[in-house]
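Q: These came from TrEMBL, pasted as-is:
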DOMAIN    309-490  domain 'PCI'
REGION    590-619  region 'Disordered'
COILED    655-693  coiled coil
REGION    810-845  region 'Disordered'
Amino acid sequence: LCLLFYTSEFIDVGKPNRALEVLYEVIKRGKMRNTYSEKLLEPIMFKYLELCVDLKKSHLAKEGLYQYRNIFQSVNVSSLETVVRHYLSLADERTEAARKESHQAVVDVDDLDNLATPEEILLSAVSGEDAQDRSDRTILTPWVKFLWESYRQCLELLRTNSRVERLYHDIAKQAFKFCEKYSRKTEFRKLCDNLRTHLSHIQKQQGSATAVNLNNPETQQMNLETRLEQLTYAIKMELWQEAYKAIEDISDLMNKSKKMPKPHVMASYYQKLSLVFWKAGNMLFHAAALFKLFQLLRDQKKNITAEEVGKRASIVLIATLAIPLPSAHPEFDRFIETEKSALEKIDKLATLLSLPKPPTRVSLIRDLMRFNVVTAVPQELQNLYRLMEVEFDPLHLCTRMQGNIEWIQEHPELGLTQYVTALQEMTITRLVKQVAQLYQSITFKRLLELSVFVSGFHLERILVDLVRHNDLQIRVDHRSECIHFGADLSESQREDLPEGPMLQSLPSETVRCQLVQIGSALQSCLDLIVPDNKKKEMEPMRAQTIQFYQQTKLREHAKILQRQHIIEERKEMLENQNLEREESIRRAQEEQLKKQKEEEQQRLEREASRREKARQEEQLKQIQTKQIKDRLLQISQTSYGQKMMEKFDEEELLNLGAEEILQRQVEELEKERKELQQRLKAQEKKVDYFERAKRLVEIPLLKKMLEDEKVILNYFKEKDKEFWQSQEEDRVKKLVEEHQVSLEHSKRLNRMGSDRTDFLNQLKSTRRSEIEKKLNDFNARLEVERKKRQAERKDQRRRERRETYYRLKEEEEQQRRDEELKKAREDQERMEREQREREEQEYLERKAQLDRQAELQRGAFAKLTANNKHVVEDTEAPLVVRLRSSQHIGHLIL
């Protein structure tokens, strides 16, 4: 209370900095818990944080909060939460007040007829800022910076303690709202990076007692909600890169979670994911996300209406139909050197949607049919689907599509107008592919007439894209203004699979497959004419092979055993080499890492020394500049200083040295002194003449006035003497009368003296008897209480002696049991050790016996191999010749 009182006194006299220093000294000592009770610490922190907010001292607030956290994070978490929330609410209120003040400063203008002064017009032309920007920079920006630092410091303060996990996520959501409210995109990126860094640190610090447990379902749910909030605000602020990073974080959290998120959470996730894919221009995954959202809503939402199902199905269908055709040769992406291949990126995007494999346009359309999405849309959109994917009508394709597009634009409540451009481009692609199946060549003018809603340049760009992606074989002849479809028959190209409505293949594709079809037909005919011919030809060869196997199986078996032994030796050798190589690599890496650390340490030391030197130089320069400014400020308050400063501009004054300023000051002072002396001499002479003239005139007048005053003074002196004598006589008379009255009163009261004495004696005797009675009663009660307490202490000492006896006896018994258990455990370990030694001895004896048996078997096998060697060599050469002849005949037959 005294501390708060002293702080309030400093604030009342206008010294809040001194009040903050007093509180900071108390908090910095780190002994608040021993010095003050918990009930007093919270008001002290409130006052300390209020002063930090008023003075915008965020670093002092950070130190105070860290000290308070160390005290209460394991004792009273609610107090810590209250203090942190109070601090952030204060900073938010002051920032909001600064924002209103900034807007009010622009609204309050002096002249309503001339809102922009010439100075403001010049400033806006030079700096590119209007009055509101300048007002925000001077009034609002410092408070916005302070509030941002407060959020960042509180998140850093609470990131590692599981007891304040809910507060941590609440502050993160408030920080998202702050960034969106004040349009702080840079701070939003930093905030997202900080949250990811905090999560990675939490994953590394799972062993601590107070650490956040990421396997806890509540923790996973809070992290998921925070990332969804981050995704929402990233979309609001149009930070699509941060939105994608947030989606990756959400996907990782859902994969780590054992419990599936709630349906409304997944619906929000898919909705935002589809929007991000739309902004990225990825129509394929945009449609896939909408399809996942449609499945989720239809399966999980209980009271979904048919109208809502139709609307969702319409969006999914149109988004799928608007997907451009995929490249027919995605393997070309392998030749592009990028950080990640296209397949890896597609697989990663599929993981975000929880798909086992990446979707395709064909697979999405097949899923739409399988899940009855097409039947749930209005009839007009069903006709659009049949026009794009089923019917073959190139001459009326664009005309009919134009009618469907007009229907979409007439029903904006379905939310399909954003897909109109993509549908038009996809329609032109379908038109070109269908026209290529009908015509070998067509004029550009005719094709442009069929494409009713595109220009010539747009149509030519689509043709070039089709050729570049190798979806179609097209040649544009600008001389004759014709378009030729197909390629020369001599060109070797891959076979393209049909996609969409198909009437017939191109002539070049038909001819390219003729030789393959002829070979397949001849082979089928041969199998029908002589089905068993090949089997009969293979019978002699099979018998020879079996005979050769019987003759060589022992040798081959020996070779296999030898090969197995060689393989084991080589494997062991390779393992040793790998271990040595890994050890050498590890040592080299350790040496390299050590060297890098030393170099980095040296570099950091050099950098620190350089920064320290630069800081000292800058600090010295600032001190010199401050001294010069202070000196100039002192000089400017004098007349001679103002005259001296008028001769120089501000830059020249700052470049002057202290000695030069002193010299200029001395010169100006000397000049000022000389001028002052000259003025004083002239003024002195003028005053002398004027004073002499006045005295010559006033001397006769003064003599006359003195004589008049003497006459008046004598008259008033006589009057005053008479008045004093009359007053003195009256005063003496009144005093005599008052003395006579007092004597009469004294005589009258002296008669009551004896009565007063008797009354006092009687009162004292009565009071004395009462006091003696009370004292006797107290002594009696005291004696009874003394005996009672002596008996209680006697019983207590008896109980304590009994308890001590039984406790010592129990400890002796426990010690005896521990010694017996220890002895039994030692005996058990000794028996187990002896048993292991016997088993090891038996194992070594058994192994030696098995090695001797294996050695005897290898010797017998070597003798048997030597006896059969001569027989095998005599029969081997003719049999190999016969086998080769049979194989040659078999190849000729085939």
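The backbone N, Cα and C atoms fix where each Cβ goes, glycine too.
Show me how these features fit into the shown structure, please.
A: Through the fold, the region 'Disordered' (590-619) approaches none of its own chain's residues that are at least 6 residues removed from its boundaries at a Cβ separation under 8 Å.
Residue counts for the region 'Disordered' (810-845) under DSSP (helix as H, G, I; strand as E, B; rest coil) come to 36 helix, 0 strand, 0 coil.
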Q: What is the number of residues in the region 'Disordered' (590-619) that are helix, strand and coil, as DSSP sees it?
A: 30 helix, 0 strand, 0 coil
Q: Check the domain 'PCI' (309-490) for me and report the mean pLDDT.
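A: Mean pLDDT for the domain 'PCI' (309-490): 82.
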